[in-house]
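Take a look at the structure set out below.
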Amino acid sequence: MRILLVEDEQGVANFIKKGLEEERYTVDLVTDGQAGLEHGLTGQYDLLILDLMLPKKSGFEVAKGLRDTGIQTPILMLTAKISVQDKVKGLDVGADDYLTKPFSFEEFLARVRALLRRKQTEMIKLEVGDLEVNTLSHRVFLDGKELVLRPKEYAILEYLVRAKDCVVSRTQILENVWGYDFDPTTNVVDVHIKSIRKKLEELTPKEYISTVRGVGYMVTTTPK
Ligand code: CA
């Protein structure tokens, strides 16, 4: 879990960073709103802890800038003192939770955990068009109807859906689904893909898995 901390008060920043690192989170610290926005825009964080009053850009501007470009990283906003209007404004621009300074580290950690859990729950369901893959129950639904797959078929489809809109090679599929100990001359991937396609065809005329000649397979977000 990687956390971006945007906080200009050195004492508070060090206290939070040290505490989170003791809990085994990875923490990157930046001390102004501009840097916060730039780091946040990389999309590589699981959570943002964002102070409201910051040099260069306020916490509001950072949150809004991220949401406007489609970055959905959960945001926990930290404020010295907050009015109801500020709270509403913060929620409107995309903050997920608030904490007023000074706060106890226990409460802070509880909120961090809650926001990270929420993110994990969202990751359980992967969606491509009308296809929904539940990575917890390992079940797949197409427009609400279940696609009954064998374990290896499921693993291939989940791998393709995770890589959606990118071509994956037979070798990549073999490595990820069967592990490294496979016979490179095998046609087992093609056989399984054929079977998944057949099952999909019973439920939809759309082609979710396309063949990219000489390269491999791809699941597309806009099946035709
Ligand atoms: Ca501040």
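Here the Cβ of each residue, glycine as well, is placed from N, Cα and C on the backbone.
Per TrEMBL, these features apply:
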type	residues	note
DNA_BIND	123-221	DNA-binding region
DOMAIN	2-116	domain 'Response regulatory'
DOMAIN	123-221	domain 'OmpR/PhoB-type'
MOD_RES	D51	4-aspartylphosphate
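Cβ neighbours of the residue listed as '4-aspartylphosphate' (same chain, under 8 Å, six or more residues apart in sequence): V6, E7, D8, E9, V12, G59, M77, L78, T79.
According to DSSP, D51 (4-aspartylphosphate) sits within a strand segment.
According to DSSP, the domain 'OmpR/PhoB-type' (123-221) comprises 37 helix, 25 strand, 37 coil.
In terms of DSSP helix, strand and coil, the domain 'Response regulatory' (2-116) has 53 helix, 24 strand, 38 coil.
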